[in-house]
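Participant: This structure is in structure tokens; I'll ask about it shortly.
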Amino acid sequence: MEAEKRLFLKALKEKFEEDPKEKFTKFYTYGGWQQSARKQEFVSENEKIVAEKRGGIPMYNPDIGVPLGQRKLMPYKISNTDTYVEGDDLHFMNNAAIQQLWDDIRRTVIVGMDTAHMVLEKRLGVEVTPETINEYMHTINHSLPGGAAVVQEHMVEVHPSLAWDCYAKIFTGDDELADELDDRFVIDINKLFPEEQAEASKAAIGKKTYQVSRVPSLVGRVCDGGTISRWSAMQIGMSFITAYKLCAGEAAIADFSYAAKHADVIQMGNALLGRRARGPNELGGVRFGILSDVVQTTRVSDDPVEQSLEVVATGAALYDQIWLGSYMSGGVGFTQYATASYTDDILDDFSYYGYEYVEKKYGRCGTKATMDVVEDIASEVTLYALEQYDEYPALLEDHFGGSQRAAVAAAAAGISVCMATGNSNAGVNGWYLSQILHKEYHSRLGFYGYDLQDQCGASNSLAIRNDEASPLELRGPNYPNYAMNVGHQGEYAGIAQSAHSARGDAFATNALIKVAFADPSLVFDFSKPRKEIARGALREFEAAGERDPILPAKI
């Protein structure tokens, strides 16, 4: 790639205000932590908090510990945008968009409606029509936001301003039925997807009908992901009783409960082992293929690299920053690990280089998945990436950790292999090979054990035992060899997506989840995750689940 076309140069020049090729620089001349407007704000707010709310107990003090700002406290350009932000604003605690990104996934549950409709018609002799479905949808949208009274009288209810983000919608592969339902309640596959994707999704769904419940964000925060399906199920049962004028005590109601809680429920995340201390619909159980289908870039962009990189960014924010950044590192967070893959157009540059190489030599999805192909593409892309780190010291400082560089180079290698083969297993082997090549080049990658899972990855990828060899789409943060190390999981998700992007698939794993997250009523826009994260960093993103309506008024 010609030097002037390198995508990361603009960001490097803006960040460091130096020639990116300059090999000599300065230290301790930038003003320490005071060069950061955000840290100045932290200090100012801290003084008020200590005096007014903490009774003098000290809190934030940037002069404690290692001196901050020895070098440039660099801003970050959110990749594929023109937005520059401070690093602090990408910590998930400081970014409302990243919080809502997770809220919108955790608070979602999909429930099949056909079992309940069958019980109504065959067991109770009640006719189910588009009109009765509309009546039911009116009822569930009343009851779901806060257990609003529909069966019992004299019930306490939730303030609508606390649960404005809560609603239920319906979708089906049956165009005739969809046309007869109230538009306000329908996720319209034909309108939301390009024609070929719409037809593929409807074919996968068939004539079945599904409800998507969006439980209030506040419920997921106060309770947990395991609560979501139960909250949804209770209101589904009450709404069926009301809409179809049933007796709450009759035996058939148990069938509704079983269907809504178990038989017809699709969670976003599987339950984890007891020692992980998490239930269903928690991040550790969200598989890579599911996350690929949650992200919606395939509906709005024809660029397979962009589609893949949006999944990488989403996975980095969720798996690295929230899941591992809290579960493993307890608040210190892995923000810089994650941001390496979605800032400064660096992974974009490496990935587009690989894509151009693939298009010229093989064609998109133009060759079989063989180890010769994996070795060729992964080696080419990895060496290109390492050459950039050698040529541009500013790039090396931007990715100041070895495992940051390893993750970004390997992600580009894996994505590029998928672009040629349309095979996610080949892609993840491109990742593994990149890690090994990188280690040969630099002798080590990052912290001790960073590449442990990559050293055994190639042999496991074709193993028979399912705890080693699940398809990449069905692996996740709790997959045995993947459960320990940051700087991997978001990239794995992007590699899984890239195989399907190369093939032009309508979805990666589950058409139901792809359709459910095409819903324009969601608070977070899943078609442009990086843009949304940038809005969060700029404090332009309005999140749900806030408690202002029940807090004292501020004058």
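Just so it is clear, glycine is given a Cβ too, placed from its N, Cα and C backbone atoms.
Residues annotated as coenzyme F430 binding site in Swiss-Prot, with similarity to another entry given as evidence: Gln152. Feature annotation from Swiss-Prot assigns coenzyme B binding site to Arg230, Lys261, His262, Arg275; the stated evidence is similarity to another entry. The coenzyme M binding site annotation in Swiss-Prot covers Tyr337, Tyr448.
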Participant: Determine, using Cα-Cα distances only, which of these binding-site residues is closest to Tyr337 (coenzyme M binding site): Gln152, Arg230, Lys261, His262, Arg275.
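Facilitator: Comparing Cα positions, the closest of these binding-site residues turns out to be Arg275.
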Participant: Through the lens of DSSP with three states only, how would you label Tyr448 (coenzyme M binding site)?
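Facilitator: Once the DSSP labels are grouped into three classes, Tyr448 (coenzyme M binding site) ends up as coil.
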Participant: Whole-number answer please: how many Å between the C-alpha atoms of Arg275 (coenzyme B binding site) and the residue listed as 'coenzyme F430 binding site'?
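Facilitator: Here the two Cα atoms lie 39 Å apart.
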Participant: Within 10 Å of each Cβ, count the other Cβ atoms and name the one among the binding-site residues Arg230, His262, Arg275 with the highest count.
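Facilitator: Of Arg230, His262, Arg275, the one with the most crowded Cβ is Arg230.
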Participant: For the binding-site residues Tyr337, Tyr448, which one has the sparsest Cβ surroundings, going by other Cβ atoms within 10 Å?
Facilitator: Tyr448
Participant: Want to know which binding-site residues, from Arg230, Lys261, His262, Tyr448, are within 10 Å of the residue listed as 'coenzyme F430 binding site' at Cα; which are they?
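Facilitator: Matched binding-site residues: none.
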Participant: Using all protein chains shown, find which of the binding-site residues Gln152, Lys261 scores highest when you count other CB atoms within 10 A of its CB.
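Facilitator: Of the binding-site residues Gln152, Lys261, the highest Cβ count within 10 Å belongs to Lys261.
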